[in-house]
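Heads up, here are the entries from Swiss-Prot:
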type	residues	note
ACT_SITE	HIS48	active site
BINDING	TYR51, LYS90, ASP500, GLY537	ATP binding site
BINDING	GLU92, ASN538	Mg(2+) 1 binding site
BINDING	SER93, HIS94, ASN95, HIS96, ARG115, GLN244, GLU316, SER317, GLN318, SER540	substrate binding site
ACT_SITE	HIS94	active site, proton acceptor
BINDING	ASP116, ASP272	Mg(2+) 2 binding site
Amino acid sequence: MSQQLQEIEKVLSSHKLSGDDYAHIKQILGREPNLVEIGIFSAMWSEHCSYKSSKVHLSGFPTKAPWVIQGPGENAGVIDIGGGYAAVFKMESHNHPSFIEPYQGAATGVGGIMRDVFTMGARPIANLNALRFGDVLKDNKTSAHQRYLVRGVVAGIGGYGNCMGVPTIGGETSFDECYNGNILVNAFTLGLAKSDEIFYGRADGIGNPVIYVGAKTGRDGLGGAVMSSDSFTEESKSLRPTVQVGDPFTEKLLLEACLELFKTDHVVGIQDMGAAGLTSSSFEMAGRSGSGMIMHLDRVPAREEGMTPYDFMLSESQERMLLCAKKGSEAEIIKIFEKWDLDAAVIGEVTATGNMELFWHGDKVAEVPVNPVSEEAPVLNRPMSRPAYLDKIASVTIDDFARVPNQEAFERLTKSMEVVDKSWIYTQYDSMVQTNTIKKGGMLDASVVRVKENGKALAMSADCNVRYCYIDPKGGAAAAVIESGRNVAMSGARPLAITDCLNFGNPENPEVMWQFGQSCLGIKEACSALTTPVIGGNVSLYNETNGVSVFPTPSIATVGVNDDQNKVLMSSFQGEGNTLYLVGESNSEFGGSLYMKEICGVVAGVLPEIDYEKELTLWDLVIEANKKGILECAKDASSGGVAIALAKMAAVSGLGCSARMLVNDERDIFAESMSRAIIEVKQENSASFESMAGVLQCQKLGTVGGDIVKINNVSMSMKELQDNYFNTFKRVIERDI
């Protein structure tokens, strides 16, 4: 083999490009590519940027509704919330960086998703997160490392969000051994904008200037997009230099400068520099517009000496934006950003060539056609194979295991890391900044912010039961959409749209691709049935270490609108003597349940039945009854069943309860049948509520009050329950410090 060929193979390998990719690149260019061009193709055709393995499965997602202003394909999705305002939101992953460097990985994940939102012209008003960690309970190195990761990720999220002045108002955190080698950090941001003042990532108008704004460019994050498109091995700690370093104070200045700029008429288009940095932002803007672009890389503000064109194109330095502006507005734009102590430089212009032409001190260092890179990346229809494990686990039931006394099961489940209060996490976040948050964490099934401008409230919830997704990828993904929507409805808001973050293992494994394909089918089915279109999202693949993939984890965040910000429904008990109802049909359904995991020690069984009509009827009941003012609180009965839902309601409120649930088996108080809620009403409203419940099963459970929680044959004092609920998490996570 010639030395030249060896060098080419070495370069291709380091850029995760195949021989076929190289041949395709030569065909596109009509010549051999240089290193800058190889870097561009590598980044833009990476799994992270191109979605080449997932795109074929994402087609067909429902994306339209009368209230959808912008669906997938932009920096974030946009829905009309009435009164001239729009909610702009998106969810993205920062999994690989957070495993390598938890603080910076999580922090820059938060920073990146906020830029996606404010680049659309919206001021961020709420953050959520969905976090998955491995086993934190054992006294071994793996669990100790997971506890370290929890502490680092939470500190990173809080450190960035708090400095930005954007409240982090909720989220979801769960633990499973499948995440020992790959934690998942999914960040969500929602912003508020006027519905007729949305900005898009376009580069229209031949001759219009292309302007770089924000922080200077360094070498941090080089190769980040490619790193996030590969699985981990024992050597992955060496990837620390590929993790970006964030500066929230600079991002705060960038936010305010952009919002000031948006009040002018200077902006044609604007794009965040996220994964693949200047490469992705420039190619995406030109690609959407069908235009070309010239950029002079020596004009890009540099933070380090000796940087090359390759470095400038692929750096993932944070807090940067690319603008396409109206010609003649350059000086005024630069003045705005300099006022905010930020860099701004005219680095190029829009052309009609359809090519990206890059110059370095007057010399052309790259010329690549835009469309084949941004819009025509390879699409892979990877082989799929149904995993053999599904047949083995489908027949497993709780009757295959020795019975555990219900009281013992109740005591163990109230200490489950999935159940217990996560205030150790959310008290590190500023949840009340901007003064729009309605109630602190743990008091609502959804997280809610008021919209002062129109008197409404926005409710949001991020959810995914990964055990459901493991035993039934299609049904589990549908269940994630359902539960996320149900939590929003339990707060009194009407669910309107979702964003997703699809976290899966290695797509080169046919079983993983089958899980992914089935999950997409489940999301399509649920969103269509519930009329909650997908308006944006993210795919994160290669969540695998040493051949072990994470469980399918399609995180779903639903956003809904409550027409009256004064009628937000709590999820904990509100008053002594109030009546409790269980709405919805209960069966002995334990597949993928918390009970099976914690008490039986397995993740197995058949998923509880899904009935979209019953689900929508439940949502309508809660939303309409809340409008009439006859509800005191509503809580989704899901993980851990009715018993654990009641325990949580009691722990948060400080009020006990006495409940009697009709069951076929005493363990059914822990069963997880879907489309159920626990409702609290005042006695004088009982008849009205029962009348409204209509066709739904409505069982009177009992009453609120007392200093114990009792349901059927289990009970616990409020003192013990609140100790379990509020202190367990801290005891576990701070064990090493």
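From the backbone N, Cα and C atoms, a Cβ is placed for every residue, glycine too.
Model, not experiment: these values are computed from the prediction.
Let's see these features in context: how buried, what's close, how far.
Its own atom aside, the Cβ of HIS48 (active site) has 27 Cβ atoms within 10 angstroms in the protein chains shown.
Sequence-distant neighbours of LYS90 (ATP binding site) (same chain, six or more apart, CB under 8 Å from its CB) are ASN75, ALA76, GLY77, ILE113, ASP116, VAL117, PHE188, THR189, THR499, GLY536, GLY537, ASN538, listed in sequence order.
In the three-state DSSP scheme, ASN538 (Mg(2+) 1 binding site) is classed as strand.
A strand conformation is recorded for SER93 (substrate binding site) in the three-state DSSP classification. Under a cutoff of 8 A between CB atoms, and with a sequence separation of 6+ in the same chain, the neighbours of SER93 (substrate binding site) are GLY109, LEU184, VAL185, ASN186, ALA187, CYS501, ASN503, ASN538, SER540.
Using a 10 Å Cβ-Cβ cutoff, ASP116 (Mg(2+) 2 binding site) registers 29 neighbours.
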Specify the secondary structure state of HIS48 (active site) as given by DSSP, simplified to three classes.
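Where HIS48 (active site) sits, the three-state DSSP reduction gives helix.
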Taking the residues TYR51, LYS90, ASP500, GLY537, which the record names as binding ATP, find the longest CA to CA distance and state it in Å to the nearest whole number.
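Taking every pair of listed residues, the largest Cα separation comes to 17 Å.
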Fewest other CB within 10 angstroms, which one of the recorded positions HIS94, ARG115?
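Selected from the recorded positions HIS94, ARG115 on minimum Cβ neighbours within 10 Å: ARG115.
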Compute the C-alpha separation of TYR51 (ATP binding site) from ASN95 (substrate binding site), stating it in Å without decimals.
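Cα to Cα, TYR51 (ATP binding site) and ASN95 (substrate binding site) are separated by 16 Å.
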Tell me which residues of the chain lie with their Cβ under 8 angstroms from that of ASP272 (Mg(2+) 2 binding site), as long as they are six or more apart in sequence?
ASN75, GLY112, ARG115, ASP116, THR119, GLY201, SER281, ARG320, MET321
Roughly how many Å separate the Cα of GLN318 (substrate binding site) from that of HIS48 (active site), to the nearest whole number?
17
If you measure from the Cα of HIS94 (active site, proton acceptor), which of the recorded positions HIS48, GLU316, ASP500 is the nearest?
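For HIS94 (active site, proton acceptor), the spatially nearest of the recorded positions is HIS48.
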Which ones in the same chain are close to GLU92 (Mg(2+) 1 binding site), with CB under 8 Å and 6+ residues apart in sequence?
GLY109, GLY112, ILE113, ASP116, ASN186, ALA187, CYS501, ASN538
Calculate the distance in Å between the alpha carbons (Cα) of ASP500 (ATP binding site) and ASN95 (substrate binding site), and round it to a whole number.
15
